Amino acid sequence: MRSDKIKKGVEQAPARSLLHATGQIKSPGDMDKPFIAICNSYIDIVPGHVHLRELADVAKEAIREAGGIPFEFNTIGVDDGIAMGHIGMRYSLPSREVIADAAETVINAHWFDGVFYIPNCDKITPGMLLASVRTNVPAIFCSGGPMKAGLSAHGKALTLSSVFEAVGAFKDGSMSQEDFLDMEANACPTCGSCAGMFTANSMNCLMEILGMAVPGNGTTLAVSDARRELIRESAFHLMDLVKKDIRPRDIITKDAIDDAFALDMAMGGSTNTVLHTLALANEAGIEDYDLERINDIAKRVPYLSKIAPSSSYSMHDVHEAGGVSAIVKELVDLGGAIHPDRITVTGKTIRENVADAKINNTDVIHPKENPYSPVGGLSMLFGNIAPKGAAIKVGGVDPSVQVFKGEAICFSSHDEAVEAIDNHTVREGHVVVIRYEGPKGGPGMPEMLAPTSSIVGRGLGKDVALITDGRFSGATRGIAVGHISPEAAAGGPIALVHDGDIITIDLPNRTLNVDVSDEVLEERRKELPKFKAKVKTGYLARYTALVTSAHTGGILQIPEDLID
């Protein structure tokens, strides 16, 4: 066992003495059992994580029952909804790297034999996922689960995206104060990750098809007894993985990454999943995985389930309609869409895991014969603004919009753009360009949910587009193109767009171009000032120095002269 490094031999007597002091060693025989880390992320200010201490207790009990010795530790967490629209959002994406580094540190310092990861919200799940393939210790994931959808006084289903869009409607005078306050009070009625197909739930669903979580992980409600049963079930599977020495890199292969994107396409997941899954591929040592490959997957995978914010259906609706397993079963039966014979943490293949799944509500999950669209709900766009690519959730765009051509109105920050939208400087026919908000420029690639929500809230969702080197919340909908790469701070051509330039977003052809010649763009480049970091001290300064653009997953890259 790995843990023998800290508990066997005369030299480890001091370590054993300290282990006895933890109270986790109940009998001398416990030193002969596998040591299992519980990587938890309990935190009071994140509603998706307030109940995780209780879930960790369930995991501890089950691990002991299955023959292991549990040791819990915690990582940090950032609530993107609370951090939205101010400097706090600059810390959200960077927190992914802190979480990965923290988990790696504890796991490798103490030589655990297995790891039970309990994430839930936006950057916590991918951060832990990066740690799992980096440490490559037998591991399983079981998230905290989604919250219930809210209900307005008028009987309308609510999610957090409803409130963000209500801000624009209230400011515009099209929503009463009474209705506005009703939404605020009732949109988030329980603990759990926000109720729509936003980033947290998208990632927790992808964990099922990646093979790192048991079926039901993505959709079983946080407040349900079934969530606790999933925790127990996962603990027993983990002990089996430890016994058989099945590791994350045995499960997360190039085929698994392909299949994660396939599920993403079928359920119209958050564009943030692209960022995190590319980072995962890099961390797992999977080479030559680029955005063009994702478009190839989109062409063969139909869009089967349209969930909030793209519809009124919540994650609980998806669960009752058959869950992720029902969607995956459609992809298995489609043939050629995914690789169904890969191993998973259950010890079974993807095909075996979903063999008995079925669609219980064809309004929520469409059968493969009747998809929302024959192609997936996410697209990667390329062109002279985004030579390395950009991402759009086409499932969140009104179907009547196939090609959007408009006049650029440029901003060098999120706040400038929000002010212009709110004071009606932005008008019908504009393409809002927000740059210097990428991983390096932000820093931290902050989400642009406030401007997109204001656009939709004002009723301009089909008439105004927004493009950015920043990213979007999973709650974003409308003509919103993010992750433009290279970013402006890295010299990307989005920095060369001027007010009044004509920009064309062509969804069928997956292109994003500005109607300016290469010669003119090069002349503009000569006048472009050198980027200067916005933050000079602390973690964000170090992050700015090392982070790369979105097409890599926004990973940190060690300078080559240090590793050659």
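Including glycine, each Cβ sits where the backbone N, Cα and C put it.
Taken from Swiss-Prot, the feature Mg(2+) binding site applies to ASP80, ASP122, LYS123, GLU447. Cβ neighbour count for ASP122 (Mg(2+) binding site) (all protein chains, 10 Å cutoff from its Cβ): 34.
For CYS121 ([2Fe-2S] cluster binding site), the number of other Cβ atoms no farther than 10 Å from its own Cβ, over all displayed protein chains, is 28. The feature [2Fe-2S] cluster binding site is assigned by Swiss-Prot to CYS121, CYS194.
Sequence-distant contacts of LYS123 (Mg(2+) binding site), defined as residues of its own chain at least six apart whose C-beta falls under 8 angstroms from its C-beta, comprise GLY77, VAL78, ASP80, SER92, LEU93, SER95, ARG96, ILE99. Positions annotated as N6-carboxylysine by Swiss-Prot, on the basis of sequence analysis: LYS123.
Secondary structure at SER473 (active site, proton acceptor), as computed by DSSP, is coil. What Swiss-Prot lists as active site, proton acceptor is SER473, and the listing cites sequence analysis.
Cα-Cα distances to GLU447 (Mg(2+) binding site) place SER473 within 10 Å, out of the recorded positions CYS121, CYS194, SER473. According to its DSSP assignment, ASP80 (Mg(2+) binding site) is helical. Between the CA atoms of ASP122 (Mg(2+) binding site) and SER473 (active site, proton acceptor) there is a gap of 9 Å, rounded to the nearest whole number. In this structure, the CA atom of CYS121 ([2Fe-2S] cluster binding site) is 12 Å away from the CA atom of SER473 (active site, proton acceptor). DSSP assigns LYS123 (Mg(2+) binding site) to coil, not to a helix or a strand.
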